[in-house]
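Worksheet: one structure, shown below.
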Amino acid sequence: MRDYDELISFLGEWGPFQRLIFFLLSASIVPNGFNGMSAVFLAGTPEHRCRLPPSANLSREWLNASIPREVQGGREGPSRCRRYRLESLANFSALGLQPGRDVDLSQLEQEKCLDGWEYSRELYLSTIVTEWNLVCEDDWKTPLTTSLFFVGVLIGSFISGQLSDRFGRKNILFATMAVQTGFSFVQIFSTSWEMFTVLFLIVGMGQISNYVVAFILGTEILGKSVRIIFCTLGVCTFFAIGYMLLPLFAYFIRDWRMLLLALTVPGVLCVPLWWVIPESPRWLISQGRFKEAEIIIRKAAKTNGIVAPAMLFDSTEMQDMKLQQQQQQKAYILDLFRTRNIAVITVMSLLLWMLTSIGYFGLSLNTPNLHGNAYINCFLSAIIEVPAYVIAWLLLRTLPRRYSISGTLFLGGGVILFIQLVPTDLHILSVFLVMLGKFGITSAFSMLYVYTSELYPTIVRNMAVGATSMSSRVGSIIAPYFVYLGAYDRFLPYILMGSLTVLIGILTLFLPESYGNPLPETFDQMLRVKGFRNRQRTNHVRSSKEIEDSKTQITPL
(Lines of atoms letter the chains of each structure in order from A; the text may use other names.)
(Lines give C-alpha, C1' and ligand atoms only; values in the text may rest on other atoms or scores of the structure.)
Protein backbone atom coordinates (compact mmCIF):
# COMPACT_ATOMS: atom_id res chain seq x y z
CA MET A 1 0.00 0.00 0.00
CA ARG A 2 1.30 3.46 -0.91
CA ASP A 3 1.83 6.08 1.78
CA TYR A 4 0.56 9.64 1.35
CA ASP A 5 3.92 11.05 0.21
CA GLU A 6 4.11 8.44 -2.54
CA LEU A 7 0.50 9.11 -3.48
CA ILE A 8 1.07 12.83 -4.14
CA SER A 9 4.62 12.54 -5.53
CA PHE A 10 3.33 13.50 -9.00
CA LEU A 11 2.59 17.02 -7.66
CA GLY A 12 6.29 17.77 -7.19
CA GLU A 13 7.84 19.43 -4.13
CA TRP A 14 7.83 23.17 -4.82
CA GLY A 15 5.16 24.06 -7.32
CA PRO A 16 2.80 27.08 -7.21
CA PHE A 17 0.42 25.17 -4.92
CA GLN A 18 3.12 24.37 -2.35
CA ARG A 19 4.50 27.91 -2.46
CA LEU A 20 1.01 29.34 -1.90
CA ILE A 21 0.37 27.08 1.11
CA PHE A 22 3.85 27.75 2.52
CA PHE A 23 3.52 31.54 2.48
CA LEU A 24 -0.17 31.80 3.42
CA LEU A 25 0.16 29.51 6.44
CA SER A 26 3.35 31.28 7.47
CA ALA A 27 1.63 34.66 7.10
CA SER A 28 -1.23 33.47 9.33
CA ILE A 29 1.36 33.17 12.11
CA VAL A 30 2.26 36.91 12.02
CA PRO A 31 -0.57 37.98 14.41
CA ASN A 32 0.71 35.38 16.89
CA GLY A 33 3.98 37.31 17.07
CA PHE A 34 2.44 40.49 18.41
CA ASN A 35 -0.23 38.78 20.51
CA GLY A 36 2.34 36.54 22.16
CA MET A 37 4.49 39.45 23.32
CA SER A 38 1.92 42.27 23.51
CA ALA A 39 2.05 42.25 27.33
CA VAL A 40 5.47 43.93 27.06
CA PHE A 41 3.68 47.19 26.15
CA LEU A 42 0.07 46.60 27.24
CA ALA A 43 1.27 45.90 30.80
CA GLY A 44 4.26 48.25 30.77
CA THR A 45 5.00 49.92 34.12
CA PRO A 46 6.13 53.54 33.71
CA GLU A 47 8.02 55.53 36.33
CA HIS A 48 5.63 56.66 39.06
CA ARG A 49 5.49 58.44 42.40
CA CYS A 50 2.88 59.34 45.01
CA ARG A 51 0.39 62.00 43.94
CA LEU A 52 0.03 65.02 46.21
CA PRO A 53 -3.48 66.51 46.47
CA PRO A 54 -3.93 70.19 45.46
CA SER A 55 -5.12 70.85 49.01
CA ALA A 56 -1.74 69.88 50.48
CA ASN A 57 -0.77 73.61 50.72
CA LEU A 58 3.00 73.00 50.67
CA SER A 59 5.77 75.39 49.69
CA ARG A 60 7.80 74.64 46.58
CA GLU A 61 10.69 73.33 48.70
CA TRP A 62 8.47 70.91 50.59
CA LEU A 63 6.72 69.81 47.39
CA ASN A 64 10.10 68.85 45.95
CA ALA A 65 11.15 67.09 49.16
CA SER A 66 7.85 65.29 49.83
CA ILE A 67 9.01 61.97 48.28
CA PRO A 68 11.76 60.04 50.10
CA ARG A 69 14.77 58.72 48.18
CA GLU A 70 15.49 55.00 47.95
CA VAL A 71 17.64 52.54 46.02
CA GLN A 72 15.75 50.60 43.33
CA GLY A 73 17.49 47.99 41.21
CA GLY A 74 20.89 49.34 42.16
CA ARG A 75 19.97 52.96 41.33
CA GLU A 76 18.86 55.71 43.68
CA GLY A 77 15.64 57.57 42.92
CA PRO A 78 12.40 58.86 44.39
CA SER A 79 10.27 56.26 46.15
CA ARG A 80 7.49 54.78 44.05
CA CYS A 81 5.25 53.73 46.92
CA ARG A 82 5.94 56.00 49.91
CA ARG A 83 5.77 59.68 50.77
CA TYR A 84 6.44 61.71 53.88
CA ARG A 85 3.38 62.20 56.08
CA LEU A 86 1.55 65.19 54.57
CA GLU A 87 0.26 66.49 57.89
CA SER A 88 3.81 66.88 59.18
CA LEU A 89 5.01 68.49 55.94
CA ALA A 90 2.15 71.01 56.03
CA ASN A 91 3.11 72.00 59.59
CA PHE A 92 6.78 72.46 58.66
CA SER A 93 5.82 74.46 55.57
CA ALA A 94 3.51 76.74 57.58
CA LEU A 95 6.32 77.40 60.09
CA GLY A 96 8.68 78.38 57.28
CA LEU A 97 11.17 75.58 58.02
CA GLN A 98 13.45 74.33 55.24
CA PRO A 99 13.85 70.63 54.39
CA GLY A 100 17.33 69.29 55.03
CA ARG A 101 18.46 72.45 56.84
CA ASP A 102 15.91 72.84 59.62
CA VAL A 103 14.36 69.37 59.44
CA ASP A 104 16.16 66.01 59.19
CA LEU A 105 14.20 64.19 56.48
CA SER A 106 15.47 60.76 57.51
CA GLN A 107 13.61 61.13 60.83
CA LEU A 108 10.24 61.94 59.28
CA GLU A 109 7.33 59.52 59.37
CA GLN A 110 6.29 58.04 56.01
CA GLU A 111 2.93 56.90 54.66
CA LYS A 112 1.48 55.09 51.63
CA CYS A 113 0.30 56.81 48.45
CA LEU A 114 -3.12 57.62 49.87
CA ASP A 115 -4.06 59.91 46.95
CA GLY A 116 -2.95 57.67 44.09
CA TRP A 117 0.05 57.99 41.80
CA GLU A 118 1.51 60.25 39.15
CA TYR A 119 2.80 58.33 36.13
CA SER A 120 5.48 59.37 33.68
CA ARG A 121 4.08 59.75 30.15
CA GLU A 122 7.46 59.60 28.47
CA LEU A 123 7.09 55.99 27.30
CA TYR A 124 3.35 55.31 27.54
CA LEU A 125 0.25 57.46 27.50
CA SER A 126 -1.60 54.65 29.25
CA THR A 127 -1.21 50.95 30.03
CA ILE A 128 -3.30 48.56 32.09
CA VAL A 129 -0.92 49.40 34.95
CA THR A 130 -1.81 53.10 34.88
CA GLU A 131 -5.47 52.31 34.14
CA TRP A 132 -6.00 50.21 37.27
CA ASN A 133 -2.99 51.28 39.40
CA LEU A 134 -1.21 47.90 39.34
CA VAL A 135 1.72 49.21 41.39
CA CYS A 136 3.08 48.97 44.93
CA GLU A 137 0.77 46.65 46.93
CA ASP A 138 -0.90 45.55 43.65
CA ASP A 139 2.26 45.18 41.56
CA TRP A 140 1.92 41.37 41.78
CA LYS A 141 -1.01 41.62 39.38
CA THR A 142 1.22 42.66 36.47
CA PRO A 143 3.26 39.41 36.20
CA LEU A 144 0.09 37.46 37.02
CA THR A 145 -1.59 39.01 33.95
CA THR A 146 1.19 37.72 31.70
CA SER A 147 1.32 34.36 33.49
CA LEU A 148 -2.41 33.83 33.01
CA PHE A 149 -2.00 34.55 29.30
CA PHE A 150 0.50 31.68 29.23
CA VAL A 151 -1.90 29.53 31.27
CA GLY A 152 -4.25 30.02 28.33
CA VAL A 153 -1.41 29.02 26.04
CA LEU A 154 -0.93 25.87 28.12
CA ILE A 155 -4.62 24.97 27.88
CA GLY A 156 -4.71 25.77 24.17
CA SER A 157 -1.66 23.63 23.41
CA PHE A 158 -3.32 20.74 25.25
CA ILE A 159 -6.66 20.87 23.43
CA SER A 160 -5.71 22.19 19.96
CA GLY A 161 -4.24 18.92 18.71
CA GLN A 162 -7.21 16.91 19.94
CA LEU A 163 -9.73 19.35 18.44
CA SER A 164 -7.96 19.37 15.06
CA ASP A 165 -7.84 15.55 15.08
CA ARG A 166 -11.59 15.49 15.74
CA PHE A 167 -12.95 18.37 13.64
CA GLY A 168 -10.27 18.93 11.01
CA ARG A 169 -7.20 21.15 10.65
CA LYS A 170 -8.80 23.93 8.61
CA ASN A 171 -11.91 24.30 10.78
CA ILE A 172 -9.91 24.59 14.00
CA LEU A 173 -7.31 26.87 12.39
CA PHE A 174 -9.90 29.49 11.49
CA ALA A 175 -11.94 28.94 14.66
CA THR A 176 -8.88 29.68 16.80
CA MET A 177 -8.02 32.69 14.61
CA ALA A 178 -11.52 33.97 15.36
CA VAL A 179 -11.05 33.35 19.10
CA GLN A 180 -7.71 35.19 19.11
CA THR A 181 -8.99 38.16 17.09
CA GLY A 182 -12.49 38.35 18.60
CA PHE A 183 -11.48 38.23 22.24
CA SER A 184 -8.60 40.66 21.63
CA PHE A 185 -11.20 43.09 20.32
CA VAL A 186 -13.44 42.54 23.35
CA GLN A 187 -10.43 43.24 25.60
CA ILE A 188 -10.44 46.84 24.36
CA PHE A 189 -13.65 47.42 26.31
CA SER A 190 -12.40 45.90 29.58
CA THR A 191 -13.73 47.75 32.61
CA SER A 192 -11.51 46.07 35.22
CA TRP A 193 -8.21 44.26 35.57
CA GLU A 194 -10.09 41.02 36.30
CA MET A 195 -12.07 41.27 33.05
CA PHE A 196 -8.95 42.07 31.03
CA THR A 197 -7.06 39.13 32.51
CA VAL A 198 -9.79 36.54 31.92
CA LEU A 199 -10.09 37.68 28.30
CA PHE A 200 -6.29 37.61 27.98
CA LEU A 201 -6.30 33.97 29.09
CA ILE A 202 -8.80 33.12 26.32
CA VAL A 203 -6.69 35.04 23.78
CA GLY A 204 -3.73 32.87 24.86
CA MET A 205 -5.75 29.74 24.15
CA GLY A 206 -6.52 30.95 20.62
CA GLN A 207 -3.00 32.23 20.02
CA ILE A 208 -1.18 28.94 20.55
CA SER A 209 -3.95 26.83 18.99
CA ASN A 210 -3.72 28.87 15.79
CA TYR A 211 0.06 28.41 15.78
CA VAL A 212 -0.04 24.66 16.44
CA VAL A 213 -2.77 23.89 13.90
CA ALA A 214 -1.07 25.98 11.18
CA PHE A 215 2.13 24.05 11.96
CA ILE A 216 0.33 20.69 11.65
CA LEU A 217 -1.55 21.68 8.49
CA GLY A 218 1.63 22.81 6.76
CA THR A 219 3.60 19.68 7.66
CA GLU A 220 0.77 17.47 6.38
CA ILE A 221 0.27 19.26 3.06
CA LEU A 222 3.88 20.02 2.12
CA GLY A 223 6.35 17.41 0.87
CA LYS A 224 9.34 16.01 2.74
CA SER A 225 11.97 18.38 1.35
CA VAL A 226 9.93 21.51 2.14
CA ARG A 227 8.59 20.34 5.49
CA ILE A 228 11.72 21.04 7.59
CA ILE A 229 12.16 24.50 6.08
CA PHE A 230 8.51 25.29 6.80
CA CYS A 231 8.80 24.11 10.42
CA THR A 232 11.94 26.19 11.08
CA LEU A 233 12.43 29.10 8.73
CA GLY A 234 8.79 29.45 7.64
CA VAL A 235 6.69 29.39 10.80
CA CYS A 236 9.38 30.70 13.16
CA THR A 237 10.54 33.54 10.91
CA PHE A 238 7.03 34.85 10.32
CA PHE A 239 6.40 34.70 14.08
CA ALA A 240 9.52 36.86 14.47
CA ILE A 241 8.19 39.27 11.84
CA GLY A 242 5.03 39.71 13.90
CA TYR A 243 7.19 40.19 16.98
CA MET A 244 9.18 42.88 15.12
CA LEU A 245 5.98 44.71 14.16
CA LEU A 246 4.90 44.94 17.82
CA PRO A 247 7.35 47.70 18.90
CA LEU A 248 6.64 49.55 15.64
CA PHE A 249 2.91 49.67 16.43
CA ALA A 250 3.60 50.46 20.09
CA TYR A 251 5.96 53.33 19.25
CA PHE A 252 3.33 55.23 17.29
CA ILE A 253 0.34 54.17 19.44
CA ARG A 254 1.06 54.84 23.12
CA ASP A 255 -2.48 54.24 24.46
CA TRP A 256 -3.08 50.59 25.37
CA ARG A 257 -6.66 50.40 24.07
CA MET A 258 -5.80 51.87 20.67
CA LEU A 259 -2.70 49.69 20.49
CA LEU A 260 -4.79 46.60 21.15
CA LEU A 261 -7.20 47.68 18.40
CA ALA A 262 -4.30 48.07 15.94
CA LEU A 263 -2.99 44.62 16.87
CA THR A 264 -6.43 43.10 16.33
CA VAL A 265 -6.98 44.41 12.78
CA PRO A 266 -4.39 42.12 11.04
CA GLY A 267 -6.31 39.10 12.31
CA VAL A 268 -9.36 40.24 10.34
CA LEU A 269 -7.22 40.29 7.18
CA CYS A 270 -6.79 36.51 7.52
CA VAL A 271 -10.52 35.86 6.89
CA PRO A 272 -10.18 35.63 3.05
CA LEU A 273 -7.66 32.80 3.54
CA TRP A 274 -10.62 30.50 4.27
CA TRP A 275 -11.33 30.30 0.53
CA VAL A 276 -7.69 29.67 -0.37
CA ILE A 277 -6.21 27.32 2.27
CA PRO A 278 -7.56 23.76 1.85
CA GLU A 279 -8.19 21.08 4.42
CA SER A 280 -5.37 18.58 4.93
CA PRO A 281 -5.87 15.72 2.44
CA ARG A 282 -3.82 13.52 4.77
CA TRP A 283 -6.33 14.13 7.60
CA LEU A 284 -9.31 13.56 5.26
CA ILE A 285 -7.84 10.23 4.20
CA SER A 286 -7.36 9.26 7.87
CA GLN A 287 -11.07 9.93 8.35
CA GLY A 288 -12.04 7.84 5.32
CA ARG A 289 -13.17 10.92 3.34
CA PHE A 290 -11.38 9.93 0.16
CA LYS A 291 -13.59 11.90 -2.26
CA GLU A 292 -12.89 15.22 -0.53
CA ALA A 293 -9.16 14.47 -0.39
CA GLU A 294 -9.15 13.60 -4.10
CA ILE A 295 -10.84 16.92 -5.01
CA ILE A 296 -8.16 18.89 -3.13
CA ILE A 297 -5.30 16.90 -4.67
CA ARG A 298 -6.70 17.38 -8.19
CA LYS A 299 -7.06 21.14 -7.58
CA ALA A 300 -3.43 21.19 -6.43
CA ALA A 301 -2.40 19.40 -9.62
CA LYS A 302 -4.31 21.93 -11.70
CA THR A 303 -2.62 24.82 -9.85
CA ASN A 304 0.78 23.25 -10.55
CA GLY A 305 -0.10 22.69 -14.21
CA ILE A 306 0.14 18.92 -13.83
CA VAL A 307 -2.27 16.27 -15.10
CA ALA A 308 -3.32 14.07 -12.18
CA PRO A 309 -3.61 10.27 -12.63
CA ALA A 310 -7.02 9.06 -13.72
CA MET A 311 -7.38 7.09 -10.47
CA LEU A 312 -5.85 8.31 -7.20
CA PHE A 313 -7.39 5.73 -4.84
CA ASP A 314 -8.49 2.24 -5.81
CA SER A 315 -11.02 0.32 -3.74
CA THR A 316 -8.46 -2.16 -2.37
CA GLU A 317 -6.17 0.62 -1.19
CA MET A 318 -9.02 2.47 0.52
CA GLN A 319 -10.05 -0.72 2.32
CA ASP A 320 -6.46 -1.35 3.46
CA MET A 321 -6.18 2.20 4.80
CA LYS A 322 -9.38 1.84 6.81
CA LEU A 323 -8.23 -1.52 8.21
CA GLN A 324 -4.85 -0.02 9.17
CA GLN A 325 -6.56 2.84 11.03
CA GLN A 326 -8.74 0.39 12.98
CA GLN A 327 -5.71 -1.69 14.01
CA GLN A 328 -3.56 1.29 14.95
CA GLN A 329 -1.95 0.80 18.35
CA LYS A 330 -2.90 3.23 21.11
CA ALA A 331 -0.41 4.88 23.44
CA TYR A 332 -0.81 6.20 26.96
CA ILE A 333 1.00 8.92 28.88
CA LEU A 334 2.51 6.35 31.27
CA ASP A 335 4.37 4.85 28.31
CA LEU A 336 6.71 7.85 28.54
CA PHE A 337 7.90 6.37 31.86
CA ARG A 338 7.79 2.69 30.84
CA THR A 339 11.38 1.87 31.88
CA ARG A 340 14.03 3.69 33.86
CA ASN A 341 15.91 4.68 30.72
CA ILE A 342 12.76 6.07 29.06
CA ALA A 343 11.72 7.81 32.29
CA VAL A 344 15.12 9.53 32.60
CA ILE A 345 14.92 10.72 28.98
CA THR A 346 11.40 12.03 29.59
CA VAL A 347 12.27 13.86 32.82
CA MET A 348 15.40 15.40 31.30
CA SER A 349 13.43 16.44 28.20
CA LEU A 350 10.72 18.06 30.33
CA LEU A 351 13.38 20.03 32.25
CA LEU A 352 15.15 20.98 29.01
CA TRP A 353 11.96 22.43 27.50
CA MET A 354 10.82 24.19 30.69
CA LEU A 355 14.14 25.87 31.56
CA THR A 356 14.81 26.89 27.95
CA SER A 357 11.34 28.42 27.85
CA ILE A 358 12.02 30.37 31.05
CA GLY A 359 15.16 31.84 29.46
CA TYR A 360 13.43 32.70 26.18
CA PHE A 361 10.34 34.36 27.62
CA GLY A 362 12.21 35.89 30.54
CA LEU A 363 14.59 37.73 28.21
CA SER A 364 11.76 38.69 25.83
CA LEU A 365 9.53 40.13 28.55
CA ASN A 366 12.41 41.93 30.25
CA THR A 367 13.28 44.17 27.27
CA PRO A 368 11.54 47.30 28.69
CA ASN A 369 13.84 47.08 31.74
CA LEU A 370 17.04 47.26 29.68
CA HIS A 371 19.06 50.45 29.31
CA GLY A 372 18.09 52.62 26.37
CA ASN A 373 14.89 52.93 24.38
CA ALA A 374 12.34 50.21 25.23
CA TYR A 375 10.96 50.14 21.67
CA ILE A 376 14.38 49.70 20.07
CA ASN A 377 15.32 47.01 22.58
CA CYS A 378 12.11 45.10 21.85
CA PHE A 379 12.77 45.35 18.10
CA LEU A 380 16.33 44.07 18.59
CA SER A 381 14.99 41.19 20.70
CA ALA A 382 12.68 40.27 17.81
CA ILE A 383 15.10 40.68 14.93
CA ILE A 384 17.81 38.60 16.64
CA GLU A 385 15.47 35.61 16.33
CA VAL A 386 15.79 35.52 12.53
CA PRO A 387 19.53 34.67 12.44
CA ALA A 388 18.93 32.36 15.42
CA TYR A 389 16.45 30.30 13.37
CA VAL A 390 18.80 30.24 10.38
CA ILE A 391 21.70 29.02 12.54
CA ALA A 392 19.46 26.40 14.13
CA TRP A 393 18.45 25.12 10.69
CA LEU A 394 22.09 24.90 9.59
CA LEU A 395 23.12 23.13 12.81
CA LEU A 396 20.33 20.57 12.41
CA ARG A 397 21.58 19.79 8.90
CA THR A 398 25.25 19.33 9.76
CA LEU A 399 26.03 18.70 13.46
CA PRO A 400 24.96 16.30 16.26
CA ARG A 401 21.85 17.39 18.13
CA ARG A 402 23.24 17.20 21.67
CA TYR A 403 26.27 19.36 20.95
CA SER A 404 24.26 21.87 18.92
CA ILE A 405 21.62 22.38 21.61
CA SER A 406 24.08 22.26 24.49
CA GLY A 407 26.48 24.67 22.75
CA THR A 408 23.80 27.27 22.07
CA LEU A 409 22.54 26.94 25.66
CA PHE A 410 26.07 27.47 26.99
CA LEU A 411 26.38 30.53 24.78
CA GLY A 412 23.04 31.96 25.92
CA GLY A 413 23.46 31.19 29.62
CA GLY A 414 27.13 32.15 29.78
CA VAL A 415 26.76 35.64 28.34
CA ILE A 416 23.72 36.30 30.55
CA LEU A 417 25.76 35.43 33.63
CA PHE A 418 28.52 37.75 32.41
CA ILE A 419 26.15 40.78 32.41
CA GLN A 420 26.60 41.37 36.14
CA LEU A 421 30.33 41.95 35.58
CA VAL A 422 29.81 44.71 33.01
CA PRO A 423 30.47 48.25 34.40
CA THR A 424 27.25 50.22 34.85
CA ASP A 425 28.30 52.90 32.35
CA LEU A 426 28.70 50.39 29.48
CA HIS A 427 25.01 50.25 28.63
CA ILE A 428 25.48 49.21 25.01
CA LEU A 429 27.61 46.23 26.01
CA SER A 430 24.92 45.07 28.46
CA VAL A 431 22.22 45.23 25.78
CA PHE A 432 24.51 43.42 23.33
CA LEU A 433 25.07 40.58 25.82
CA VAL A 434 21.33 40.25 26.45
CA MET A 435 20.69 40.00 22.71
CA LEU A 436 23.50 37.46 22.30
CA GLY A 437 21.99 35.44 25.13
CA LYS A 438 18.58 35.64 23.47
CA PHE A 439 20.20 34.47 20.21
CA GLY A 440 21.66 31.34 21.85
CA ILE A 441 18.52 30.38 23.78
CA THR A 442 16.25 30.98 20.75
CA SER A 443 18.47 28.75 18.59
CA ALA A 444 18.29 25.97 21.17
CA PHE A 445 14.53 26.39 21.60
CA SER A 446 13.86 26.04 17.88
CA MET A 447 15.85 22.77 17.71
CA LEU A 448 13.95 21.04 20.50
CA TYR A 449 10.98 19.94 18.36
CA VAL A 450 13.21 18.04 15.95
CA TYR A 451 15.41 16.55 18.69
CA THR A 452 12.52 15.35 20.86
CA SER A 453 10.70 13.80 17.91
CA GLU A 454 13.86 11.83 17.07
CA LEU A 455 14.29 10.42 20.58
CA TYR A 456 10.93 8.65 20.90
CA PRO A 457 9.35 5.77 18.93
CA THR A 458 6.50 6.34 16.53
CA ILE A 459 3.75 5.16 18.88
CA VAL A 460 4.44 7.90 21.47
CA ARG A 461 6.26 10.51 19.36
CA ASN A 462 3.38 12.97 19.13
CA MET A 463 2.55 12.44 22.79
CA ALA A 464 6.17 13.09 23.81
CA VAL A 465 6.38 16.31 21.78
CA GLY A 466 3.04 17.40 23.23
CA ALA A 467 4.09 16.66 26.83
CA THR A 468 7.42 18.47 26.50
CA SER A 469 5.74 21.36 24.72
CA MET A 470 3.33 21.66 27.65
CA SER A 471 6.34 21.68 29.97
CA SER A 472 7.65 24.69 28.05
CA ARG A 473 4.30 26.41 28.68
CA VAL A 474 4.86 25.91 32.40
CA GLY A 475 8.21 27.66 31.93
CA SER A 476 6.49 30.57 30.17
CA ILE A 477 4.03 30.87 33.08
CA ILE A 478 6.94 31.13 35.53
CA ALA A 479 9.04 33.51 33.39
CA PRO A 480 7.17 36.77 34.25
CA TYR A 481 8.08 36.28 37.91
CA PHE A 482 11.77 36.12 36.99
CA VAL A 483 11.29 39.54 35.40
CA TYR A 484 9.42 40.69 38.51
CA LEU A 485 12.52 39.94 40.63
CA GLY A 486 14.34 42.71 38.75
CA ALA A 487 12.46 45.26 40.85
CA TYR A 488 14.51 44.12 43.84
CA ASP A 489 17.84 43.49 42.13
CA ARG A 490 18.31 44.18 38.43
CA PHE A 491 20.94 41.42 38.09
CA LEU A 492 18.95 38.71 39.90
CA PRO A 493 16.84 37.65 36.84
CA TYR A 494 19.99 37.29 34.73
CA ILE A 495 21.81 35.29 37.43
CA LEU A 496 18.89 32.87 37.79
CA MET A 497 18.14 32.51 34.07
CA GLY A 498 21.83 32.19 33.17
CA SER A 499 22.51 29.58 35.85
CA LEU A 500 19.50 27.46 34.91
CA THR A 501 20.34 27.69 31.20
CA VAL A 502 23.95 26.56 31.75
CA LEU A 503 22.73 23.76 34.03
CA ILE A 504 20.31 22.38 31.46
CA GLY A 505 23.03 22.73 28.81
CA ILE A 506 25.19 20.37 30.88
CA LEU A 507 22.34 17.88 31.40
CA THR A 508 21.66 17.86 27.64
CA LEU A 509 25.08 16.26 27.09
CA PHE A 510 23.82 13.15 28.91
CA LEU A 511 20.87 12.64 26.56
CA PRO A 512 21.24 10.16 23.66
CA GLU A 513 22.47 11.38 20.28
CA SER A 514 19.89 10.99 17.51
CA TYR A 515 21.76 12.58 14.59
CA GLY A 516 22.30 10.12 11.77
CA ASN A 517 20.22 7.39 13.45
CA PRO A 518 16.93 6.06 12.02
CA LEU A 519 13.78 7.10 13.84
CA PRO A 520 12.91 4.44 16.45
CA GLU A 521 9.75 2.48 15.75
CA THR A 522 9.59 0.56 19.05
CA PHE A 523 10.65 1.16 22.67
CA ASP A 524 13.46 -1.39 22.29
CA GLN A 525 15.00 0.77 19.56
CA MET A 526 15.22 3.87 21.76
CA LEU A 527 18.75 5.07 22.42
CA ARG A 528 20.14 4.99 25.94
CA VAL A 529 21.02 7.82 28.29
CA LYS A 530 24.76 8.36 28.73
CA GLY A 531 25.84 6.40 31.80
CA PHE A 532 23.18 3.75 31.22
CA ARG A 533 24.90 2.48 28.09
CA ASN A 534 26.99 -0.29 29.66
CA ARG A 535 24.67 -1.23 32.49
CA GLN A 536 22.95 -4.57 32.34
CA ARG A 537 19.23 -4.62 32.71
CA THR A 538 18.10 -5.79 36.11
CA ASN A 539 14.65 -6.70 34.88
CA HIS A 540 13.37 -8.18 31.72
CA VAL A 541 12.25 -5.58 29.16
CA ARG A 542 9.25 -6.68 27.28
CA SER A 543 9.33 -7.36 23.61
CA SER A 544 7.33 -5.35 21.12
CA LYS A 545 4.69 -8.08 21.10
CA GLU A 546 4.37 -7.94 24.90
CA ILE A 547 4.11 -4.16 24.77
CA GLU A 548 1.28 -4.46 22.26
CA ASP A 549 -0.56 -6.97 24.42
CA SER A 550 -0.12 -5.02 27.68
CA LYS A 551 -0.09 -1.34 26.82
CA THR A 552 -0.38 0.31 30.19
CA GLN A 553 1.80 -1.84 32.44
CA ILE A 554 5.14 -0.26 33.46
CA THR A 555 8.19 -2.52 33.79
CA PRO A 556 11.29 -1.03 35.49
CA LEU A 557 14.62 -1.29 33.75
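Every residue, even glycine, has its Cβ placed from backbone N, Cα and C.
Source: prediction; values computed, not measured.
Per TrEMBL, the features are:
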DOMAIN    88-516  domain 'Major facilitator superfamily (MFS) profile'
REGION    537-557  region 'Disordered'
TRANSMEM  20-43  transmembrane segment
TRANSMEM  172-190  transmembrane segment
TRANSMEM  196-217  transmembrane segment
TRANSMEM  229-253  transmembrane segment
TRANSMEM  259-277  transmembrane segment
TRANSMEM  342-362  transmembrane segment
TRANSMEM  374-396  transmembrane segment
TRANSMEM  403-422  transmembrane segment
TRANSMEM  428-451  transmembrane segment
TRANSMEM  463-485  transmembrane segment
TRANSMEM  491-511  transmembrane segment
One stretch in 20-43, 374-396, 428-451, 491-511 has more Cβ pairs under 8 Å to the transmembrane segment (196-217) than the rest, namely 20-43
The answer for the transmembrane segment (259-277), taking Cβ pairs under 8 Å and residues 6+ beyond its ends, is 20-21, 24-25, 27-28, 30-31, 34-35, 38, 41-42, 170, 173-174, 177, 180-181, 184-185, 187-188, 217, 246, 249-250, 253
Are the transmembrane segment (229-253) and the transmembrane segment (491-511) close enough to be called in contact, which here means at least 3 C-beta pairs under 8 A that are separated by 6 or more residues? no
Near the transmembrane segment (342-362), which same-chain residues lie under 8 Å Cβ to Cβ, leaving out any that are not at least 6 residues past its ends? 150, 335-336, 405, 409, 412-413, 416, 437-438, 441-442, 444-445, 448, 452, 455, 464, 467-469, 471-476, 478-480, 482-483, 493, 497, 500-501, 503-504, 507-508, 510-512, 523, 526, 529, 532, 557
Cβ-Cβ under 8 Å with the transmembrane segment (428-451): same-chain residues at least 6 beyond its ends: 228, 231-232, 236, 352-353, 356-357, 359-360, 363-364, 366, 370-372, 377, 380-381, 384-385, 387-389, 391-392, 395-396, 401, 404-405, 408-413, 415-416, 418-419, 422, 465, 468-469, 472, 494, 498, 501, 514
